[in-house]
Amino acid sequence: MGCDRNCGLIAGAVIGAVLAVFGGILMPVGDMIIEKTIKREVVLEEGTTAFKNWVKTGTTVYRQFWIFDVQNPDDVAKNSSKIKVKQRGPYTYRVRYLAKENITQDPEDHTVSFVQPNGAIFEPSLSVGTEDDNFTVLNLAVAAAPHIYQNSFVQVVLNSLIKKSKSSMFQTRSLKELLWGYKDPFLSLVPYPISTTVGVFYPYNDTVDGVYKVFNGKDNISKVAIIESYKGKRNLSYWPSYCDMINGTDAASFPPFVEKSRTLRFFSSDICRSIYAVFGSEIDLKGIPVYRFVLPANAFASPLQNPDNHCFCTEKVISNNCTSYGVLDIGKCKEGKPVYISLPHFLHASPDVSEPIEGLHPNEDEHRTYLDVEPITGFTLQFAKRLQVNILVKPARKIEALKNLKRPYIVPILWLNETGTIGDEKAEMFKTQVTGKIKLLGMVEMALLGIGVVMFVAFMISYCACKSKNGK
């Protein structure tokens, strides 16, 4: 009977050891299964999870606008006073609701090309007013005229047209006009063919962005969704050839297995450049663990602090010989217009940039840009893209509307907050199909390993105790 009992204990210990070993073997095998499944499902080709959500996002995306309403236009134009602004908003539009078009796979270089149709639908219930609300803002055409046409004789001619059209440094425009375009009375008098429609985002509706060409990841998953080339409405050929404007993805997804140490690079045609985000914190998003990557202050630093920004310092006087920071000149891809981008309320900008403007209140939580990325798949499940559009206006002796200015201004026009969050139904589906299976497999691995170790130790203790007792 003692022998039978010993055999039972030995068998139990062996079973425990086998379970522990099996659990240990299952862990790398399970990891391999997960990795193989993820690599298969994130490839951008027909039939994968990634492709379905890539063609048309399942997330509702909103773009909110806050307009900087100028409170003292006459004082500024006559006395070159500080510009007092008051933000009004949000005015909300639904965007990115249209599916990608002209999708073409290239099996030779493992890329897929497409265009992204643009459209914006006003959402009254998410807005403080209507598209007919009026604002006092900088006159975009008048401010840009002496910047584009620097010849004195030409400016004299333009001045006569500005006066004839009764245009001035500031104007009153509705939200719809300011965003999407209006016929400018001054430009309408110019006697040679030019575009007479002006708007911060004109043209937008019924246009397309692209052609984009991205890697589909079929041959190399570490390149999936990374942009190979871009040819679109934003003419990047204005930039010097040494300026690498396109780097990374479109921010909707990144190559899988994202580590906290990785710098996520993404391209935005709205600002004509690539930019980057760094790890900030871990977040629980509807039960899904994600990494929050944030746009660092260094992204808008001066070229002295961040050499990547040397292409965006073109105006030596305005930038104090490229030492100012917090704003980037993107005029070269805006047909020469004096457009500058920044974070909202000049967050992280040098004091000389914001000093001429009153009424700004930069706030890190409200004005920073971030991406919440699920690290295993690389999918962006939540994001907030926040940017401010500014126009440079300078003194111009030949143009009466600007001749009293004693200094240049980088005038904030509006700032936007484009946001998207995975819906509750999609989140549950994601947890079921991805994170849930990974957690289950991990629990099985740990359970087998734990049970095996416990059984092995328990049976070995019992065996030793039994053997000691029999010895006596």
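For all residues, glycine too, the Cβ spot is worked out from N, Cα and C.
Quantities reported herein were computed from a predicted structural model and do not represent experimental measurements.
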Problem - As recorded in TrEMBL, which of CYS7, CYS333, CYS464, CYS466 forms the disulphide with CYS272 - result: CYS333
Exercise for the section: Please name the cysteine among CYS243, CYS322 that TrEMBL pairs with CYS313 through a disulfide bond. Expected result: CYS322
Practice task
Other Cβ atoms within 10 Å is the metric here; tell me which of the disulfide-bonded residues CYS272, CYS311, CYS313, CYS322, CYS333 scores highest.
Solution key: CYS272
Problem - Cα separation, CYS311 (disulfide bond) to CYS322 (disulfide bond) (Å, whole number) - result: 11
Fill in the blank from the handout: Here the Cα-Cα span from CYS311 (disulfide bond) to CYS333 (disulfide bond), rounded to a whole number of angstrom, reaches 12
